[in-house]
Amino acid sequence: MFFYYCRLAWLSIRRNPVLSTLMMAAIALGIGAAMTTLTINYLMSANPIPGKSEQLFYVQLDSWDPNQPYAEPNEPPDQLTYRDATNLKEARQAKLQAAMTQSAAVIEPKELGKKPFMAYLRLTHNDFFELFEPPFLYGQGWSDEADKSGRLTIVLSKKTNDELFDGANSVGETITMMDREFEVVGVLDEWQLKPRFYDVTTGAFNSMEHGYVPFKLRETLEMPNSGNTNCWKSPDGEGFQAFLQSECINYQFWVQLDDADAEQDYMSFLNAYVEQQKQLGRFPRPLNNRLSDVMEWMENQQVVDDDAQVMFYLALMFLLVCLLNTVGLLLTKFVSKSGEIALRRAVGASRADLYWQHLVESALIGVGGGAGGLILAWLGLQGIKSLYGDNLAGLAELDLTLVAIGIVLAIVSSLLAGAYPTWRACRIPPASQLKTQ
Amino acid sequence: MNHLGPIFRALLRNKVGAVLIALQVAVTMTIVVNAIHLISSRSDLIARDSGLDESNQFYITTIGYDQNYDARYVTDTDLDSLRQLPGVVDAVQINALPMSNSGSSTTIKNAAGEDAGDAGAALYYVDDHALNTMGIELLAGENFNATDITWREMNKGTMPQKIMITATLAQSLFPDLEPEQVVDKTLFNGDDEPMTVIGVIKQLHAPWVGWGNIEHAMLVPQKSDSVYAHYLVRTEPGQRATVMPEALAKIEQRDVGRMVLEHDTMTQVRADSYRNDTALQSILWAIIVTLMLITALGIVGLISFTINRRRRQIGTRRALGASRGDIMSYFLTENLLITLTGVVIGGMGSVGLNIVLVNNFDLPRLDYIYLPIAMVCLVVVGLAAVFGPALRAAHISPATATRNI
């Protein structure tokens, strides 16, 4: 019966090609707009590390100015001071913990003819690789000993390894940065977190670093910091050490806590730590420490762009207009079929039969509109890519889930749009129509 | 207009089509009004004057990587050779580029002590060539002297004695004083670092285009002794395209242990900074145009449907003496009634959506002038859409009344 209805629907669609095209076009436009904006929002708010997002916690300590909070209403700063980052690491009260900040250096390739290039680096502890589980192509992270002594080791991204060693296994080789020789201990495979949640202060959707080096080098090599540094008072004294020991915030700190108990214990540890620092004359504000898991932190940092959300809501309303349009057009179409409907009723089809038949027709129009809508969404995403360029890199790609959502959305909306016109068409009394034939 | 009564009563007998059109018009209007409002508020943002002579400026960013890289020597000699290049008006080393979205700021106070007034200010470390290079007008006081300029090392932050500030910053710190009166005032960086304002400049944007205090900027007479160097160069009008590659070649050909990281025109820096805003505008325009089109097509479809259903009725009216004009005006008036209802609902919807957007996304409040404009536009679109079908209706022959369908 279903296939028979499909055939009838196909015939009916072909009978009024203009009207049918108009309806499919309306649904396609609505779905296209909705899917384009949905894609951007969906990818922006995607969970970047689904398996672990509830075990990874971002640490915030309120070390800010006694006279005013870091941000209203009484928000703790979004980063830590160097002192606190190193102290928390040394305390080792969580299962895994890593401090980090962004840095940069020029890599001078040894091979003649290759130009020096600027590399963005992440200064971090070796727990980083266990916390965020990047895929390794060769080798592994550095040792605890390298963390403590600040040994000159580096883990390269795939891209950098391709650039420097043409993709070969470079573990054990050295590269030159800041006139020093860094030993390669590991090479990552392709790795792009979206959003790059572990440091959103330098752009949540930036590309990943060129390499990862031990955190200690910030101090021993005085490596520059290229993230945001915020201070509420000037360093006490001159020089790099004074700057490192100041109340300026520039470091992120992540811990892994496997269950609620661990979370509670770590929170008590943080509070005890701050109380102890208060004895030293630091932390002038009331106790206000925070642990946020990955999704909470994304929410707090408003990773999903306001513009993207506004566009999404406007696109949903756009879809609503398209649906109202389709309701109108379906009404037109079904009522113009009243003769046929009456005839089918007269020869014995029940109202329910007719109802199903016309719902199938609506759904078929929805499928057509959905397919068109996906093409339009793809075009729309290409347009958005060319408009935003690198600002939305990697966020304008349709995946299978989105395609499925698109099709379902199209069918559901066309069924919704078809419900009333179908009901109305089936209420046509057979006799009145047959008389005029 | 004497038809209004019957038209209205006829509408009530056939509500669905009318309600559909009115709703469509209402939602369309809600979207269009808010979209136009967003577009124009972004236009205001984009149109702000940075204070620079952007169309004649470009920048070059270099980084020294050699252990023996001598930042002071390289910077001074670079600046000399850039300034001597034909077609160059002036050049300056600067720590951050306006509108580039990366730079540094500090909080400055108008007096010592805890309860002094304060304001955030973007910091530009420059030398005495800054005003000429940027193309900024000095409103009051005087420019730096060559002898005022000192070197600033990385992570060492003592401020020199003399500074210049923008007029807006002066206004924020001393609301009651004219720029001339702010000259020679003492400001404080933190509690213990006094600085004297020697000049007030007209306009200069901070590096961050999204910052609320974008017009708060401060010039500090220091060159940076750091591996990074941004050179801002201003050329004679119209000569940027030829001067930029020459300047770049000049920098690149020196073998002093550094490399060029980036270079671009200031026009491009502005375009990049405001890229998200211009992109949003284009998308909203596309939405507005398609939406209007869809609504118009929807009206055409529905009206054609009602006209088809009323063929005999129209024929009867014609047979009873109604002119073609009467039929036309019947459908135009009917549509006018429907769209008017739609735009009234749409007006309320627009204000409602705006309130939601203001509350949730920090968007500016709606400028009510858009409401009547959008209403007129939609009514015109509605009438235009119904015109074709109405004309066809008017041509229905009176003889139709005598036939079956």
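The backbone N, Cα and C atoms fix where each Cβ goes, glycine too.
Among the features that TrEMBL reports, domain 'MacB-like periplasmic core' is placed at A:20-259. Model confidence over the domain 'MacB-like periplasmic core' (A:20-259) is summarised by a mean pLDDT of 90.
As annotated by TrEMBL, transmembrane segment applies to A:21-44 (among others).
Sequence-remote contacts of a segment are chain residues at least 6 beyond its ends whose Cβ falls under 8 Å from one of its Cβ atoms, and for the transmembrane segment (A:310-335) they are 12, 16, 19-20, 22-23, 26-27, 29-31, 33-34, 36-38, 40-41, 341, 358, 362, 365, 369, 413-414, 416-418, 420-422, 424-425. For A:310-335 (among others), the entry in TrEMBL reads transmembrane segment.
For A:314-430, the entry in TrEMBL reads domain 'ABC3 transporter permease C-terminal'.
Sequence-distant contacts of the transmembrane segment (A:359-380), counting only residues of its own chain at least 6 positions beyond either end whose CB sits under 8 Å from a CB of the stretch, comprise 2, 5-6, 8-10, 12-13, 20, 23-36, 39, 326, 330, 398, 403, 406-407, 409-415, 417-419, 421-422. The feature transmembrane segment is assigned by TrEMBL to A:359-380 (among others).
Look at TrEMBL and you will find A:400-420 (among others) tagged as transmembrane segment. When Cβ-Cβ distances below 8 Å are used as the criterion, the transmembrane segment (A:400-420) is approached by residues 27, 30-31, 34-35, 38-39, 42, 319, 323, 326-327, 330-331, 358-359, 361-363, 365-367, 369-371, 373-374, 377 of the same chain, each at least six residues removed from its ends.
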